[in-house]
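Now, the feature entries from TrEMBL:
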TRANSMEM  96-122  transmembrane segment
TRANSMEM  128-147  transmembrane segment
TRANSMEM  176-198  transmembrane segment
TRANSMEM  210-231  transmembrane segment
TRANSMEM  251-272  transmembrane segment
TRANSMEM  293-315  transmembrane segment
TRANSMEM  321-337  transmembrane segment
TRANSMEM  349-366  transmembrane segment
Amino acid sequence: MLIYLLMFIAAEIFAFSAEHKKYHSALANLSGDVDLPASQRQGSMLLWLSAVPFLLIAALRYRVGTDYTTYVEIQIPQLLRGVDYRLKYEYLYQALIKFGMAVGGYQVVFFLTHLVLLFFVWKSFKNLSTDYFISIFIFMFGCYFNLSLNIMRQFIAMAVFLFAIKYIVQKQPIRYVGTMIVGFLFHKTAAIFLPLYLLGKIKVKERVSLILVLVIGIFSSQIRQLLVWITNMTGIYASYFDSRYDVSDQQWNLILFNLAILIVYSYMHRFLIGKTPEYVYDRTIITPENEEIFNNVLYNLQVVAALAAVLSSVIPNSTRIIFMFSIGQILYIPYLLQRVKDVKTRNWISFGLMLMYIVIFARLIWMNNLGATLPYHFI
């Protein structure tokens, strides 16, 4: 556990420095006392440096993650022998594996995997995060990094989607679809994200969303039959139903956590958020014209995450599905906090949310060792 905490602290030092640079550059720019392009490059460099600790820990691990042995002893050797007859690995990941193995071996494959993964996540920070420090905190204590050490290909698809939210916000459907095709060529579950482009057009009232989640939870058994039919028709995720992953596991930790996050979102929407500060527009691609789309996408994404959580007992391998949709928290929580008018209230909410994330991290990673990422071993 200590190595993960040291990694996180190192990353946050760079993130804090990037935030500090960006904030003071903006102030100095108002008075014309700074070379803005040079200052922006420095802030951008510091942001990218904050990804390096995560990259090193991912690349230098040995037998960390439940899928590590599967990759090293079974799937990658099969691919290299040309017996990947079920196309277990999609085309772009096949290319990554073959290049990595040709250059240096398994550790190079793991390095390249997280290089791609972290590139898309950090690009999403650059485009849509209003606070790098908080986004990285959620990436760590929301269990996303530890999850990425296990479901590497699927997490690349998630990272591509997080980046592609930019195109939903900017109303660029062709670029969104094209980007998600890239994600699909790393992992087929990226297809699940394609319909989510429509979330930007849907505005759901907070009370309605909470009632919907509760009702869906009550009728979960009937909904399972519908899900089986859909997966059989599309072929996506169909192999998981009636398999060893289909164990009717009610994910109470994730149910309570995602419901709590949705309630926090709803409460902040109704009672706390005020006018968006100008610096939110200055540092992201969010504008007054597309801000409603941004809100719709990220709020609705959490509704979907909460729905997946309450359906966890009827969705095989539901943990992965829940995290696929909850990943929007990385971008939305920093934004909502920036819109809380009262500084004291903002600080208390920030403290409460951070405590929630520390608790869920402790429950899933420290106590239950989700994904078998503890203990950490270097190569």
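Going from the start of the chain as shown, residues are counted 1 onward.
Backbone N, Cα and C define each Cβ position, glycine as well.
The transmembrane segment (349-366) shares the most Cβ pairs under 8 Å with 128-147, out of the stretches 96-122, 128-147, 251-272, 321-337. Between the transmembrane segment (128-147) and the stretches 210-231, 251-272, 293-315, 321-337, the greatest number of Cβ pairs separated by less than 8 Å involves 321-337.
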